[in-house]
Every structure is written in C-alpha cells, then in structure tokens.
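Pulled from TrEMBL:
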- A:74-99: region 'Disordered' (REGION)
- A:294-352: domain 'CBS' (DOMAIN)
- A:376-397: transmembrane segment (TRANSMEM)
- A:403-429: transmembrane segment (TRANSMEM)
- A:450-473: transmembrane segment (TRANSMEM)
- A:479-503: transmembrane segment (TRANSMEM)
- A:515-537: transmembrane segment (TRANSMEM)
C-alpha cells in the first residue's frame, strides 16, 4: 500500500509540474485496475489530467475497473478528445499555421493534451518547432510533452538555440538521448552546440562509438565555417571503376543518404578527384569508367572556408551539394544546399535583428528579466549618444532662451539627416554584402551620394525653410533651418558611406553598429549646425 | 575610297561612343591590310583603342602591313595586354573580388580593354555581374562591351533589374537575341520582365516558336508566385513503366537538365502522380515498376502559390526540386532550389532596403537625379512626421521659454522611446515572418513586452533622472524626465506590437512602413509626455 501511495504521490507531483511524459511512462507500466483506483482517488482536475495521459489503447480496460458514472464521464471526455478519422484527416491537411496554433492553444487551455498530441503528430517537425516557439512558456512545455520522443529530436533541430536548449532540458536525459539518436550528424552537432555544456557532453557520450568520433571532429570546426555546415554522410567511389560497378554497389546500399545528388570520387588515399552526378550516372553507358565521366569542375570547399563564402559559392554556381576537403585535399565530408539555405535565412535574420540590438537565437518568449537585461545594453548605448546630442543643445541654451522657435524646429533638422544618412548607409551595407562596394569604387560612390545629398538638400532646405517662415513669420529662422538641413544632409551622406567602410575595416559588422553611430553623427551635426548658425545670425 | 572613308567614320564614331562590340564586329570583316591603313590614319589615342579591339589571332597579319615603328609600338602594347598563360591562370584563380575589380578598373582607365576581356572571361557570370554593378556607368559600359555575346545572357540573368535593363539596352538588338538564346526559360522570363516592354517583346518574338509558347504562358504568371519561379524543363515518366525502361530512356536523352534530382511521374493525361528520385532509381532493382517506388509525399505546388510560401515549403521539407501543377493537378513544370535560394536572398534584401525606403532592384550607380527623386519620397514622408513632432513641441512654447533645460533634454526622451519601440517592432516583424506571431498569442506577447518595457522603463527613468538632476540641479526636472521616459517606453512597446499587426491586417508590409509610424508615435508621445508633465509640474 505504501508503494502505491508513493507511486501516486510521484504521479501527482509529475502532473503538477507538467512532466507529462514521465506520467505517461509510469502509467504504461501500471496495471489498469491500479490506474483506475488512482483515478478514483484524485480530484476532478487531476483526474482529467491523468486521463489525458492514458494510452488510447488501454482506455477500455481501465474504464472497466471504474464506477459506471465515472466511466461514463471519462468516456465522454475521450469521445471528444480522441479524434475520429475525419478529424485526423482535417488535422493532416495543410492548415494555416495560425489556425493550428489556435486549435492547439484551445486544447491546451482545456487540458485536452491528447488532442494536442494528435494535431502535433499530423504536422511536419519544422511546423511543430514554429508552433512551439509561438507559445508562451507554460503552454509550450505542455505541448512539448505531447511530442513523441522519436520525433522530438527532429523538432529540436528546427528550433532556435535558446528555445531548443530550454525544451531539451525539459526532457529526461535518457529520453533526450533516444530522441536525438536518429538525427543527421550535422543537425546533431548544431544541437549539441545549442545545449548547455554539461547536457551536450551527456548527449555526446551516449552516441555510439563510431559516430562519436566523427561528432567530436565535426564539433571541432567553428560553427560559422564550412566544417560547421558539413555532414559526413557522403558516398564516395574510386575513379577507376566502371559505371556498372557503381550501380551494383548502390543497389547493395539499397538507399542513399537524403539530399544525395552526386557521389564523390576519391582515390585510394582519400584525395578528392571529382564528383559523379546521379544525373550523369543514369544517362551514360554502363561500361564507362568513373574517371571519364566525373565532373572535375565542382569546387572542393576547404573545411575552414567562412560560411557566408560557402553560401555565395552555392548561390553563384547553383550547387546542390559540394565536397569538403582538408588542407591535404582529402575528402572529409559534403555540404548540402538545405543547410546552406538555412544559413542564408539565418544570416539575413541576424542582420535584421542586430540592427535593433537583438540576438536572433533569443526566444521570443524568454523571461522578462532576461530579455530586459539584453535589451538594456542597446538602450544604454543609445543613452550615451542621446546625452551627447543633448550636450550639444546645451551649448546653445542662451540662444534657445532668446528664440524658443529653435527648440520647436530643431528635431526636424536632426530627423531629416537621420533618414537621408540611413538611406546611404543601407545602400552601402548591402553593396558591401553583394561585393558591389569594394576595391576603390568608394570615390565614385561618394561623388554620387554627395550629388544626391546636395540635390535633395537644396530641395528640402527650401521646403522646410518655407514652412518655417510660414509658421514663425521670420525670414532669418527660415534661412538658418534651410542651411542647417543642407549641411546635415551632406554630412549624412558622408557618414553613411564612411561609417560602414571604417567599421568593416575594423572588423565590426556595420549592420550592428552602423545605425547608432550614424544617427549620433546626424543628431550632433544637425543640432550644432542649426543652433550654431542661429547663434551667429539671429 | 568613299566606302572606306564611311567605314572609318563609322568605326571612329562607334569608338567614341564606346560601342566596342560594333567595332570588333566590323574589324572582323575587314582585310588586315585595310585595318592597318585605318590604324595608320588615326591619332595615337584612337589607334590604341582600335588595337584593343583587334582579335588576338589577327594581330600578326595586321602588324605585317604596318610601318616597322608603328608595328613595334603596337606589338609592345599587345605584349602587355595579351595575357600569357601564367596571367590567365592567375586570373582564373579564386581572386578576391576587390582585387579583380581593381585590376579591371586599372585596365579600363588605361584603355586596355583586351585585358579587361581576359579577366572577365576567367570569371563566373555571377561574379562578372557583381563586378559590373560595382562599376560607375561609363566604366560599366566599357567593361560590358568586352563580355562575349554568348556569355552576356547568363551575366544579364544575375544582374538586378535596373542595371540589367540598362546594359541590355546597350547591346545591338540582334546581339541581345543571340545572347539570351541559351538561357533557361525561367531566367529568360525574369530577363524579359526586367527589360523595357518594347525590347522585351523583341526578345520574345525572336525566340523559336516552340519555346515562345511556353514563354508566353510562363510570363502570364505573377513574378511573385510559384509560376514565376517555375521552369518547364522537367522530365516526366509514366507510373506503369519499369525502372529498366526509364533507365533506357534516360540513356537515350544522354543528358538531363541541370538541377535534376528527380523525375516527375504523371499519367497518360498529364495528371501528377508522384516523383521518382534519381537516388531511388539507382538503388532499386531494374524490374521494379515506377508506381511502386515513386515518392508520393512530395507536395505538388499549385502554380498560384505565393513565392514566400514556396520558399518556406522548400526550407521546411529540405526539397531540391518540386513539381508545379495547375488547378486540375496537371503537371506543368518544376521549381528548383537554386531559384528558391535566389528568392530567399532577394526577399531578405528587399526587407532591408524597404526599411530605408529604397528599391532593391535599383542600380547602386543610378543617375543622381533618378536616385534623388526616389529617395525624396521617403524624406518627404519623414518631413510630415517631423513637423507633427515639432507641432507637439510648439504647443508648449511658453513652458520651454520658462525652462530652457527642457529643450536640451527632450530629444533624450524621444530617442529612448524610439530605440525601445524598434526592438519590439523588429521582434514582432521577424516573429510574423517565422509564424511565431499568429493566432491569438498577441496577448501573451503584449504582456511580456509590457513587462520588459516597465522594467527597463523604471531602470532608465532612474538613470536619466539622476543624470538630469546632476546636470541641472533641479529635482523636479529629474522627476519629469523620469516619468516621461517610463511612459514613452510603455507606449513604445505597445506601438511596436500593434503597428505591425495592424499594418499586416491592412495588407501593408510592416517592414516598409512600420519604422516610420513607430518613431512618429514615440516622438509625439515622448515630447507630449515630457513637456506636458513639465507644464503641469514646473
């Protein structure tokens, strides 16, 4: 009786902390009668929670042990939550993401975890990952508990680092090991890198020896290099064999690794020779030799090539996969285009997030305190620049006291400069990414940008001056603000071009710091030009 | 003699307007002796220009007709410009883009067009396109003239719309037609769409009839749909044939279209049935039937699916290619991952450029007047919002006259709000793109963002208040600015969340208009809260 009580206490404990997987695991090993008596001892809320964790196949046998009333109640509960075939079909259809999410949230709110499990089961792991990330923490953990262990690894590989780590930590370590067992090695490497060190090491230790060695070597490459994108599942053949031999070998293998569009050709010593496209393999005569039909133009990617260069190479040459070699030109792996696509998407995401001082791997539902602390850094930097601008204004307090209209108009000067400068900045940053800005065309670009600034400066100087005169009825104020706008637009163009070039030379990502520096320049120059001129003229 | 004179006049004319292709074409049909006499009649500068256009193979025969002195001079010129084998090898190596560009610019400056041609010849068309876009207009046209006609089409397909159109217009129409003849249909469609209508029609008319029909139907699909990404070069087989029959058929074809990783399976009527991966084809026994080994899980993409959905599908399912079907499920084409990669890159580029009010297809070296006019739109919109903020400040002129310190400090309030708001905005825009923000989690997100705003608001309110007190020695000013910052950060979070959601519902791209609206809100609220509170308190 004592052990039963302990068991019940443990199950209740697991229920209350949302460890539904643990509940299911325990229930699976209990006798139906025992589960029935457990259910009878629980209050209504917990009773339904337990019922949601019961395997559908065992429901009948448990119901048989319950009082008729309770059995009816739980059975009607199931009737609703166990999806009929139509429902499953509906769930498997390409639902709009937001509909699925609404359904999941409704089911979560009602505690209908089985229904959640059904919906998630019908979704692609990538979609499950997206859905999980769109749920607030508590609901996310509940939904996560309903993802089957053998699909959990794949889902983890689609999550951003932060949510990946937190959900992996929710799992029992042994489940985590089982979940990731069938992942591709490159996904597994990414996962281990996302996990806290201790857990990552556990996962690594649990993989079988043959894989572990490969994993360790893959983990040794920087995440942002070809080695970090590489997988080791390539199939390699010798250059001196015949096509029919290759075909025979492939039929023995029965299946090829996913994303195989070509075989790699390496000599006896493992030195890369070329690649044999499957599309060539199926069109040539069986008696041809590999060496004669292989493609030697496919570039072997050095394992230390930066990942953005790899992405550009794939893009320029329309590659589906490419061999990776070490410094001795030994074939050590391949990169497939799906990982390159992820890299491209991630790097553009990173650029956008960095511009606002955010981390792209951060969880959208990270705890308030964590998020606040992260964002505070950027606000702090901005505060310094804002005080710098304020200090410039402070230099002209006596002028401002005399002509209060200046205080009203001064933000206009700063803001026009900021917009014009950010246009140049964006153009240059993109140009640098595309290689359009490089190797001594900065001067040509500068003269073009200064031309635009001069033209727009004059136009908007006249417009703003006109509006200022109309507002304050003072020709001199009009003249001062017009001149200040022209000056600020010229400096904005200059800064928009020079700031990213200098940052790049200093090894700082211009997308990260460019915007803040630029607006500091345009604020300071704007206020200084406007208030300075006013002090002289008025 | 007259015809010679006309010919010379025409060549000089073509030289002076930079139509080097025309020069080369004419020279190719002239007798070496005639060219020699032409060269002798020209002044030094034009003489070297013509010499640069002479085919290397004919140089010897022309030199033989020249005076020894002139021959020596031109020969030494060639010695420098005709690259030896080492030089060609060096050029073909993976040079850093900026080095190549510098070399090209140097060669252009010296008028050594042959050298330019050599360098360009050794580069991949994508790289040539990038290099051309990094050159100012005049040099770009010169370099363009040295791209071989049969490579020009491929280069055009890698250019952004605006530079593509302008360089295509540089070519003689008949050359353009030749240049694009060997392009893939999907690239040709993009090119025709980028060209001015009249020229596009010419190109279309010039393609052979069989292709023209396909082209017209492909042109009928919107650029941003699956139809716009589609190509019609798929190979389709019947479900009821055997593998050995398929293999025999493929060997008859001799080559498969590039990017073929799978064959499409369609029935007699053309209805899509499934896909047969090459990797399956090479691993199964030859007597298996296609219907039994084809993959029916690969989703057929409806021709009207938006391109960003196509991209997401490719990404989620790691596809290399996918079939495209019409409303009756008839197989009409396929989409390959290389075009999806381009789409992903372009859409992220577009998002970044749009945020600064720029057009991503615009030429970085567009004429100053054109660029100015485009950018003026954004500056004009900003001016309206800046005047709105100024108007709010204007409401409090009497307060500002009394306490000039307010004028000094007010930009700080607005700027902190702008930064905090843009962080929320960026997070939400990205979340919407990833499907993380959808279907009723806005409330959960709002409470999280408001929590962060409250926390950071209090922290920075205290910091700024302390600094303001230290600066102006006035406790009340400190209190006012602190309160204003807290208020503005709360409204910033609110606006950062609501603005993109509302814009999205209105069908406006939040990345395009979100930033401007947000900073307008934070400026107006910031100035109003700060100066309003000051009016009440001080």
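Backbone N, Cα and C atoms are what each Cβ position is placed from, and that goes for glycine too.
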Stretch contact, the transmembrane segment (A:479-503) with the transmembrane segment (A:403-429), Cβ-Cβ under 8 Å, 3+ pairs: yes
Recorded stretches the transmembrane segment (A:376-397) and the transmembrane segment (A:450-473) touching, at least 3 CB pairs under 8 Å: no
Positions on the same chain near the transmembrane segment (A:403-429), where near means CB under 8 A and six or more residues out: 389, 393, 396, 437, 445, 449, 453, 456, 460, 464, 468, 471-472, 474, 477, 481, 484-485, 488-489, 491-493, 495-497, 499-501, 510-511, 514-515, 518-519, 521-523, 525-527, 529-531, 534, 538
Averaged pLDDT, computed only over the residues in the domain 'CBS' (A:294-352): 90
Helix-strand-coil residue split for the domain 'CBS' (A:294-352), DSSP-based: 27 helix, 16 strand, 16 coil
